[in-house]
Amino acid sequence: TLNPWDIILCVSGTIISCENAVVVVVIFYTPAFRAPMFLLIGSLATADLLAGLGLILHFAFVYFIPLEAVSLVTVGLLVTSFTASVSSLLAITIDRYLSLYNALTYYSERTVTRTRIMLILTWGASICYGLLPVVGWNCLKEPPTCSIVKPLTKNHLIILSVSFFTVLAVMLQLYVQICKIVCRHAHQIAVQRHFLASSHYVTTRKGIATLAVILGTFASCWLPFAVYCLLGDAASPALYTYATLLPATYNSMINPVIYAFRNREIQKVLWTVCCGCFASAMPFRSRSPSDV
């Protein structure tokens, strides 16, 4: 019998895969998108694409190839992809902060090197997390050690949850610093150009509101599942697992809208492709990651 929750997760995975596949293709096949900002967006889209594919494969294997070895691979893929997605969000936040804090030196070779290091660390750590259940750290031989997500152990899920809360705390601190810098810059511009106080207020409010939406979306999607991972165990009702995991998958569905489709350069390419105007070269305005 098909579980309605599994069907919903599979449909979500399909939508996630389609959205992020568009982003990955656009960034990969557009030579102008080789700046650090776009590499990080590409990393996020790739992670979310794999997460979507993982949800589809998990559904297919559960109902058509119900083998323990296969379930370990699919769960490992999901752990890797979701971990890489969260880590990529952290990397994007760090990049945004540094683009404002070190605005004069941001466009340098050092930024490219730093971005590559962040990508290596992001995917290296994510792959290691995902390989743990495959190489033996699972509860298949010891059912009492299972977590709410079989075959992951309770300890494994606790580590993932603590890692999430650490990432959330760092992102919160960075966005607070970004808000301070944005407010300071807006005030300086208002003074230099003799803007009215109301204009300064509106500009600052829009910047802070955008940051609040970004962080609020991330937290609201992942917090229920992260908290339940700490509180639940193998005996907990599966309904609670599905009800908290589904919002977490929505984060991968929303990410392309926030980080890619709002970007004007990516919008230009998408409109060009949709309209059939395959121009050989397109003018791009250099933008700071903080504008995305």
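Here the Cβ of each residue, glycine as well, is placed from N, Cα and C on the backbone.
These figures come from a predicted structure and were not determined experimentally.
Record features, source TrEMBL:
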DOMAIN    19-259  domain 'G-protein coupled receptors family 1 profile'
TRANSMEM  6-30  transmembrane segment
TRANSMEM  37-65  transmembrane segment
TRANSMEM  71-94  transmembrane segment
TRANSMEM  115-137  transmembrane segment
TRANSMEM  157-176  transmembrane segment
TRANSMEM  208-227  transmembrane segment
TRANSMEM  239-261  transmembrane segment
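Here the transmembrane segment (37-65) lies next to the transmembrane segment (115-137) in space: the count of CB pairs under 8 Å, restricted to residues six or more apart, reaches at least 3.
If you look at the transmembrane segment (115-137), the same-chain residues 6 or more away from its ends with a CB under 8 A from one of its CBs are 36, 39-40, 43, 47, 72-73, 75-81, 83-84, 87-88, 91, 94-95, 151-153, 156, 160. When pLDDT values are averaged over the domain 'G-protein coupled receptors family 1 profile' (19-259), the model yields 88.
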